[in-house]
Amino acid sequence: MSRSVLVTGGNRGIGLAIARAFAETGDSVAVTHRSGEAPEGLFGVRCDITDPEQVEQAYKQVEEEQGPVEVLVANAGITRDQLLLRMSEEDFSAVLETNLTGTFRVVKRASRGMLRARRGRIVLISSVVGLLGSAGQANYAASKAGLVGFARSLARELGSRNITCNVVAPGFVDTDMTRALSEEQRAGIVAQVPLGRYAEPAEIAAAVRFLASPEAAYITGAVIPVDGGLGMGH
Ligand code: NDP
């Protein structure tokens, strides 16, 4: 079974691991990248998800290459950490614009083909921080919590057309995003994780691939934590 899969922000980190996981099992996988080159062996389209025109163009290219998107993984995201009193309007809106509005944009465009086909899988990459909160990340946590309400609304809206919409909420994963933290911050985080370590990007990819598999056909509107136990109870 080869499906048309699109992963946003699939040129590095968690998105790249997700794209490789789908490609390994024979799916046709496209990734979006903002700059640089597409990763080797994957079909890349240049796209900044904050620009509606670029999103439209990216979908056209993907559809031409591998047909309408059947599995969408909305993974692209950014942080702009700052304590509330120092957080500018720009810091807040840039994070919301990428993580929440950008996701709305790519999901809306993918749903068109899925509604027509009467099937589809949508997986949104949120974060444990969206449920737990995090000092210095009010913008990021708000955007990631927003994805949960967004996904659950779509689960209700699109369910009758055999389209599922789920959220994966990773804990701390070893990528460029977390490599930006100091050694002290990293040690502090690990001390709070029951499994006592960061996740590998492939461990997030495994949950995403499961949600897109036939075995997960009856799962929708779910939030699946992949966080080493950090967010237990939420
Ligand atoms: P990285 O910073 O390593 O990668 C982020 C990806 O998103 C890059 O591919 C980047 O593209 C892309 N991206 C950012 N902004 C845009 C945009 N406007 N348009 C298109 N693409 C964009 O992050 P991770 O791999 O760590 O994170 C991936 C997702 O997982 C994010 O949504 C993040 O919030 C979430 N997450 C990460 C955790 C972690 O611990 N790392 C924990 C929980 C959630 P480019 O290369 O062009 O910049």
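Glycine residues also receive a Cβ, built from the backbone N, Cα and C atoms like all the rest.
Please treat TrEMBL annotations as automatic predictions, because they have not gone through curation.
Cβ neighbour count for Tyr140 (active site, proton acceptor): 23 (other Cβ atoms within 10 Å of its Cβ, all protein chains included). According to TrEMBL, the active site, proton acceptor annotation covers Tyr140.
Secondary structure from DSSP puts Ser143 (NADP(+) binding site) in a helix. Feature annotation from TrEMBL assigns NADP(+) binding site to Gly9, Gly10, Asn11, Arg12, Asn75, Tyr140, Ala141, Ala142, Ser143, Lys144.
Regional average pLDDT for the domain 'Ketoreductase' (3-176) in the model is 97. For 3-176, the entry in TrEMBL reads domain 'Ketoreductase'.
Cα spacing between Asn11 (NADP(+) binding site) and Tyr140 (active site, proton acceptor): 21 Å, rounded to the nearest whole number. Screening the binding-site residues Gly9, Asn11, Ala141 for a C-beta under 6 A from any atom of ligand 1 leaves Gly9, Asn11. Long-range Cβ contacts of Asn75 (NADP(+) binding site) within its own chain (separation 6+, distance under 8 Å): Val7, Thr8, Gly9, Gly10, Ile14, Gly15, Ile18, Ile125.
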